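K.L.:
According to TrEMBL, the protein carries these features:
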DOMAIN    5-119  domain 'Response regulatory'
MOD_RES   Asp54  4-aspartylphosphate
DOMAIN    128-225  domain 'OmpR/PhoB-type'
DNA_BIND  128-225  DNA-binding region
Amino acid sequence: MRKLKILLVDDDLRNSMLLKRFLEEEDYRVTYANNGKEAWELFQPLKPDLVLLDINMPEMDGFQVARKIREKDKSVIIFFLTDRTEISDRLKGFSLKGNDYIPKPFYPEELIAKIRERLGDLDDNENNYRYQLGYIIFDYSLCMIELNSISQKMSVRQADILKILADNINSVVDRNYILDKIWGCDSYSNSLSLNVQITYLRKMLKIDRTLFISSIKKRGYILKVIKATP
């Protein structure tokens with residue numbers, strides 16, 4: 001079972017390190033950022049399950065970070081942890097699709113209870129990260145494909161791309177959508193990188209003749225599963 005990932009964002013270093021240690025003792029994988037700009041830079045490659053977000057921070061405040069996150073990811077869980085307790089701040093937090101607004105100071109045990117309640121569904125539904133693709137088992141959380149008890153590892157980026165295609169099996173996925181989801185923009189260098197990763201994935205999937213990735217001109221890619229012939 002994979003460790004659930006938390007991005008902790010707060011410019012209070014001392015208390016953040018205490019909270020980070022507390023969360024890690026509960027078996028969460030915690031990454032720390034001490035300002036909003038750093039948090040945003042970490043968010044896209046990290047792909048956390050939960051963001052714990054202070055509001056009053058240098059570089060970029062918590063509301064700005066939440067807005068940018070929601071532009072990219074509608075499903076990641078966001079908790080605001082802050083000493084700003086005015087109702088206007090609370091309403092703003094929820095208007096930005098924050099999942100909870102927790103005033104400081106708080107009991108760590110209470111925070112853990114809230115986290116367990118929210119992340120429990122992710123933990124319980126771990127099988128959502130396993131795909132049956134033709135004869136291959138694709139385990140997204142382990143970045144691995146398996147056929148006849150023989151496994152093959154892949155990079156995180158390759159797993160991210162394959163997951164997008166697997167979520168849209170036998171349907172065309174727009175190339176720009178993949179670039180935006182994985183790299184954040186559709187620059188020339190990122191486009192070349194996508195070509196390379198697709199080539200690697202095609203080589204990996206050759207172990208199953210019923211499964212292949214097709215290019216659709218001027219559109220994108222499709223992961224096809226065909227019925228095996230006797």
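Heads up, residue numbers simply count up from 1 along the chain you see.
Placement of Cβ uses the backbone N, Cα and C atoms for every residue, glycine included.
TrEMBL labels come from automatic prediction, so no person has curated them.
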K.L.:
Let me check the 10 A CB neighbour count of Asp54 (4-aspartylphosphate). How many other CB atoms are there?
P.N.:
26
K.L.:
Count up the helix, strand and coil residues in the domain 'Response regulatory' (5-119) according to DSSP, in that order.
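P.N.:
Split by secondary structure, the domain 'Response regulatory' (5-119) comes out as 56 helix, 24 strand, 35 coil.
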K.L.:
Please spell out the DSSP helix, strand and coil residue counts for the domain 'OmpR/PhoB-type' (128-225).
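P.N.:
Result for the domain 'OmpR/PhoB-type' (128-225), in helix, strand, coil order: 40 helix, 31 strand, 27 coil.
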